[in-house]
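Swiss-Prot annotations:
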- 54-129: DNA-binding region (DNA_BIND)
- 1-15: compositional bias 'Gly residues' (COMPBIAS)
- 157-380: domain 'NR LBD' (DOMAIN)
- Ser35: phosphoserine (MOD_RES)
- Ser41: phosphoserine (MOD_RES)
- Ser84: phosphoserine (MOD_RES)
- 1-50: region 'Disordered' (REGION)
- 314-390: region 'Important for dimerization' (REGION)
- 57-77: zinc finger (ZN_FING)
- 93-117: zinc finger (ZN_FING)
Amino acid sequence: MAMVTGGWGDPGGDTNGVDKAGGSYPRATEDDSASPPGATSDAEPGDEERPGLQVDCVVCGDKSSGKHYGVFTCEGCKSFFKRSIRRNLSYTCRSNRDCQIDQHHRNQCQYCRLKKCFRVGMRKEAVQRGRIPHALPGPAACSPPGATGVEPFTGPPVSELIAQLLRAEPYPAAGRFGGGGAVLGIDNVCELAARLLFSTVEWARHAPFFPELPAADQVALLRLSWSELFVLNAAQAALPLHTAPLLAAAGLHAAPMAAERAVAFMDQVRAFQEQVDKLGRLQVDAAEYGCLKAIALFTPDACGLSDPAHVESLQEKAQVALTEYVRAQYPSQPQRFGRLLLRLPALRAVPASLISQLFFMRLVGKTPIETLIRDMLLSGSTFNWPYGSG
């Protein structure tokens, strides 16, 4: 069951449950599919009827009447979505924001129904314009809002670039390393950290545009950005982090630090954990992680680049891709893009030396991680750890 309020917003946001337009709560028994499947009185120019084609509504599973606002839906879900957008409505879930939406329960919670409409790809802008473009956005449509002096996006369409970033992932999606929240031992922490480092190099090797760069540029970019990529991977993989095993892995129990240095070190540990936690609270999805990692990877500040301007243009492509993706997928979270982008400077503030000491001291000893990354990248193999502690 959901309450309706004036002022359309993203289903992920909270509302106060008051109808600002002065209307009453919608009746839970009202069925939005009252109009017959063949009705055309409210047809939009962007709707595509499919007579004779048996396709289910992707929102509720009822029989669809065609393609509406980008996806196949029934007349009921089409009308509900159009009404929600045109009347600028938003809803509040009275349960846990995970209500079942099917043919029999679709009218019980408007919040979760609208949330599912967006999740399956229904387009808010298609309602506002009365039609939906069939082609992918071209270069002119891919510039970030208000951008000046930014090179237009001339690479693959935004959706294709993100698809390439997702395909570059060497492991399944978030939570891939499990852990279930249990406190891991030192060896487990180090093993998971090694796998995260492997995945960082493997992802970069298959990321769009990166393989075409000169080998020296590839090494320079990874040597500079590996710690940021590691933190992003740790957050994406939901790596279970607990202070005690981290400190043990860093060798602090065997060789205690001076008090002043230990306090500073603990502050850095907390800063690292805080960055991972903040990414978790933002509920960053896989596509956003891919874009953030690409923005971090293509840093024109890396030393010795043969063409820093080209690397900067690649970074801009990833940033534009993130802009367009967030705008399309989270249309009523206008601050989301800024919040995501602000994570990157904070990640860079986490010292690479801290990550090395926390996670890799037992595995590589005094061997610099940057040397290890260079060797893995140039050898073409990340799953053969060539170093021992010493």
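Cβ atoms are placed via backbone N, Cα and C, with glycine included.
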Counts of helix, strand and coil residues, the DNA-binding region (54-129), according to DSSP: 28 helix, 13 strand, 35 coil
Mean per-residue pLDDT computed across the domain 'NR LBD' (157-380): 80
Helix, strand and coil totals (DSSP H, G, I; E, B; other) for the region 'Important for dimerization' (314-390): 53 helix, 0 strand, 24 coil
